[in-house]
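Accompanying notes for the structure given below.
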Amino acid sequence: MRNSPSHTMELPRLIVVGEKNIGGFGKFLQNLGPTKKVSIIAGNHVQKIIRVKISKSLSDSKIKAVWHSPKTNDEKSIGMVESQVRKDRSDLIVGIGGGRSVDVAKMISYNLDKPFVSVPTAASHDGIASPFVSVKGEKPHSLVATAPLGVFVDIDVIKRAPKKLLASGCGDLVAKITAVKDWQLGRDNTGEYYGRYSSNLASMSAKILLEATEKKKRPDIREIVEALISAGVASCIAGSSRPCSGSEHLFSHALDKLAPGIGLHGEKCGIGAILMAKLQGQDWKKIANTLKNAGAPTTAKQIGLKKQVVVEALVIAQSLRPERYTILKQIKMTHKKALELAKSTNVI
Ligand SMILES: NC(=O)C1=CN([C@@H]2O[C@H](COP(=O)(O)OP(=O)(O)OC[C@H]3O[C@@H](n4cnc5c(N)ncnc54)[C@H](OP(=O)(O)O)[C@@H]3O)[C@@H](O)[C@H]2O)C=CC1
Ligand SMILES: O=C(CO)COP(=O)(O)O
Ligand SMILES: [Zn+2]
């Protein structure tokens, strides 16, 4: 009998989701372990909203804080912040913000071998509770770092974030429909490891959104946050981003490369899910309707992408991660096929 290869499941230890609970952040850190000093990574917009309240909560718990603001999440920028954080000699590193700041903090804590705490201020992506980190560098996709020791969410902060960030999170959630299907294709065609538990968990995150938009049109923020955390946990259990990222993410990574800075991560993954669902023979119209009801974009034009870029992204997507089997391995995408696909799904 063939031994199956082992993989590591690393999970967060403490996750708190509350409302108007930001004042309890210092106590939350002390519950994780004795904490005297923290390094905080947060962007300028987020600092304006949250810095005063976080600073008060930390000083109430006798925790010193040093704030850092990364310019972006490329390797150079992370390296610069990392050398400052190293000098802080803090007990742990906190990432506060959207995916960029959380990822920068996650990467630095991994490099410096310090515990990491994630404080998402927007429900825009599923990296909130996962060990995966996206940095702009050699690889267009995520790398494995360390799972957060703790995740602290104040729904009231997330409610006040720009609406398009929540819509983007909904895009990252519908992406699980096509990602899980691609994983099944990988299992059937290459015999790769497939985790039924983690794939069901990721599928459930998308299902929650599908059901919510069917009934109430607009999804509940707390449900979306929990679904994003749960999708991240699905990746923790799978030991890779496989249940959460398939061909639709490859399409988004290709757009990052061809048109950097245009559209949010989840917006691009949502549009990718419409396209890939059609290729996979899944109900792509249902995905498009779910996105529309969630206020997320379903066309390239809505996020400022040119038609040729969409076509080119479809053609190069699979080459960005050749080892990950997806529907694009079976289709052998050409410019002609890509154009037809994007037109037939109303993406362009
Ligand atoms: N690790 C993983 O598995 C994953 C990582 N990612 C990565 O995450 C990044 C995308 O994250 P995303 O959140 O979409 O984008 P950003 O982190 O770039 O956030 C977008 C903007 O929203 C602002 N913002 C965040 N929260 C609030 C708030 N409450 N109020 C007002 N403004 C707010 C940010 O401000 P500020 O400038 O202050 O930060 C920023 O200007 C990408 O780099 C992507 O690769 C995405 C998915 C999964
Ligand atoms: O965004 C992610 C999951 O939602 C991470 O996926 P990648 O591993 O493709 O970067
Ligand atoms: Zn994603």
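Yeah, the Cβs are placed from backbone N, Cα and C, and that goes for glycine too.
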Among ASP172, ASP188, ASP220, TrEMBL assigns to the Zn(2+) site of HIS249, HIS265 just ASP172
Going by Cα-Cα distance, pick out whichever of the binding-site residues ASP126, ASP172, HIS253 is nearest to SER101 (NAD(+) binding site).
-> ASP126
Mind checking which of ASP103, ASP126, ASP172 has the fewest other CB atoms within 10 A of its CB? They're the binding-site residues.
-> ASP103
Nearest to HIS253 (substrate binding site) by C-alpha distance, among the binding-site residues GLY99, ALA122, SER124, HIS265, is HIS265
Recorded NAD(+) binding residues, GLY99, ARG100, SER101, VAL102, ASP103, THR121, ALA122, ALA123, SER124, SER130 - maximal Cα separation rounded to whole Å = 16
